[in-house]
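Visitor: Before anything else, here's the structure in question.
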Amino acid sequence: MFRIRPATLSKVFARSYATSPSPHALVFLEHCDGELESASLSALTAASRLGGKVTGLIAGAPDQVPSVLDKAKRIKGLDTVLHSVSPQYSTPLPEIVAPLLEKVLSGGSSFTHVVSAHSSSAKSILPRVAAKLDVPAVSDITSVDHDASSNSTTFSRPIYAGNAISTVRAPSSIPIKFFTVRSTAFPAAVSGEAEAETEVLEPVEVSDPPSSHISTSLSKSDRPDLGVATRVVSGGRALKNAETFQATLYPLADALGAAVGASRAAVDAGYADNSLQVVAPELYMALGISGAIQHLAGMKDSKLIVAVNKDPDAPIFQVADVGLVADLFEAVPEMVKKLK
Ligand SMILES: Cc1cc2nc3c(=O)[nH]c(=O)nc-3n(C[C@H](O)[C@H](O)[C@H](O)COP(=O)(O)OP(=O)(O)OC[C@H]3O[C@@H](n4cnc5c(N)ncnc54)[C@H](O)[C@@H]3O)c2cc1C
């Protein structure tokens with residue numbers, strides 16, 4: 001019988017440990033108005049699927065960090081939260097935040113992955129740091145699988161506007177694997193009872209930064225935010241113009257306590273704001289939306305899809321759980337009346 005001598009076994013273990021460190025993800029946590037961004041909570045879920053330790057990184061101004069840190073340390077799946085405070089971090093400009101991230105990753109850190117939401121800020125910060133470290137970054141992933149034995153990580157990501165899914169593998173030769181996460185593909189991490197450890201990080205002051213923040217203009221609404229809403233009423237080109245879009249959709253959204261969304265065609269035609277595109281909530285109502293592949297890529301993971309379209313052959317009916325072939329200008333007011 002073939003037997004492995006104990007000495008040989010310990011050498012095998014020593015070697016596999018040396019080549020396959022256990023995953024340790026650093027998640028860049030974004031925040032706004034004292035709350036963690038829900039997209040960052042989805043990134044955290046993706047990071048925990050790597051199967052190892054998860055550390056969060058919060059950078060912010062002195063008046064921002066305490067309340068965010070208080071919430072972050074209660075998030076399930078976070079082992080440690082690093083936090084760095086400086087007035088320079090009040091808005092996460094890539095040229096200012098990237099050096100902090102670089103510092104965290106330098107000097108033999110144990111991090112194997114760097115993760116963030118696929119947000120406008122993180123899309124600028126992560127590739128910048130990855131390039132400095134001479135490693136690639138994978139963006140907008142919808143699934144992640146880490147193979148501990150080969151120390152490789154495999155990702156899925158939509159390409160060609162969602163018409164195809166590519167599978168990308170980051171092999172063991174890439175010491176730190178960077179990726180951004182499509183938030184609709186992962187549920188947001190929730191709060192728990194345990195508290196993560198916290199650690200202060202000295203800020204990296206950037207003198208004479210090449211860019212500066214001038215202003216932020218946010219669209220204000222009393223309806224739930226599209227990114228976190230569980231119900232969405234979404235309108236397409238059929239809504240004709242901004243006035244009919246609002247007059248038809250808003251009463252239904254209010255009756256359901258839902259957020260309002262829009263197809264690209266409705267946004268491009270100026271009926272709706274750009275911020276109203278692409279979501280995957282629990283209830284998605286597609287009103288006068290054809291169901292183009294690019295639209296489906298954003299919303300097809302919704303739990304319950306309801307479609308109203310006057311064309312019985314509209315592709316949206318192929319993904320809809322409930323379909324109504326009707327003129328939306330008749331069907332929607334009737335729904336509002338019944339809901340009230
Ligand atoms: C690179 C790229 C990326 C894109 N990304 C996105 C994206 O992220 N999101 C997105 O939405 N689109 C995206 N698009 C655009 C997409 O291809 C479609 O053009 C768009 O989704 C169509 O919007 P729509 O369904 O509102 O309009 P249309 O396709 O014109 O459909 C209108 C629908 O309304 C129905 N209708 C008309 N009148 C009524 C009525 N009175 N009652 C009921 N039904 C009625 C019609 O039967 C039709 O099915 C992208 C395109 C490209 C090229």
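Backbone N, Cα and C atoms are what each Cβ position is placed from, and that goes for glycine too.
Annotated FAD binding site per TrEMBL: Arg237, Ser263, Arg264, Gly288, Ile289, Ser290, Gly291, Ala292, Ile293, Gln294, His295, Asn309, in sequence order. Per TrEMBL, the feature compositional bias 'Polar residues' maps to 209-219. The domain 'Electron transfer flavoprotein alpha/beta-subunit N-terminal' feature in TrEMBL is assigned to 25-216. Feature annotation from TrEMBL assigns region 'Disordered' to 200-223.
Map these features onto the structure and tell me what's around them.
Guide: Annotation for His295 (FAD binding site): spatial neighbours Ser263, Arg264, Ile289, criterion Cβ-Cβ under 8 Å with sequence separation of six or more.
Outside the compositional bias 'Polar residues' (209-219), and at least 6 residues removed from its termini, the chain residues within Cβ reach (under 8 Å) are 88, 90-91, 93-96, 273, 275.
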Visitor: Based on the record's binding annotation for FAD (Arg237, Ser263, Arg264, Gly288, Ile289, Ser290, Gly291, Ala292, Ile293, Gln294, His295, Asn309), what whole-number value in Å is the widest Cα to Cα distance?
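Guide: Looking at Arg237, Ser263, Arg264, Gly288, Ile289, Ser290, Gly291, Ala292, Ile293, Gln294, His295, Asn309 as a set, their Cα atoms extend up to 18 Å apart.
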Visitor: Ligand 1: which of the binding-site residues Arg237, Arg264, Ile293, His295 have a Cβ closer than 6 angstroms to it?
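Guide: Among the binding-site residues listed, those whose Cβ sits under 6 Å from ligand 1 are Arg237, Arg264, His295.
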Visitor: In this structure, which of the binding-site residues Ile289, Ile293 has the fewest other Cβ atoms within 10 Å of its Cβ?
Guide: Ile293
Visitor: Let me make sure I understand the structure: which of the binding-site residues listed (Arg237, Arg264) has the fewest other Cβ atoms within 10 A of its Cβ?
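Guide: Checked Arg237, Arg264; of these binding-site residues, fewest Cβ neighbours within 10 Å: Arg237.
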Visitor: Residue counts in helix (H, G, I), strand (E, B) and coil for the region 'Disordered' (200-223), per DSSP?
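Guide: Tallied per class, the region 'Disordered' (200-223) gives 0 helix, 1 strand, 23 coil.
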Visitor: I'd like the Cβ neighbour count for Gly291 (FAD binding site), meaning other Cβ atoms within 10 Å of its Cβ, all protein chains included.
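Guide: Taking all protein chains shown, Gly291 (FAD binding site) has 22 Cβ neighbours within 10 Å.
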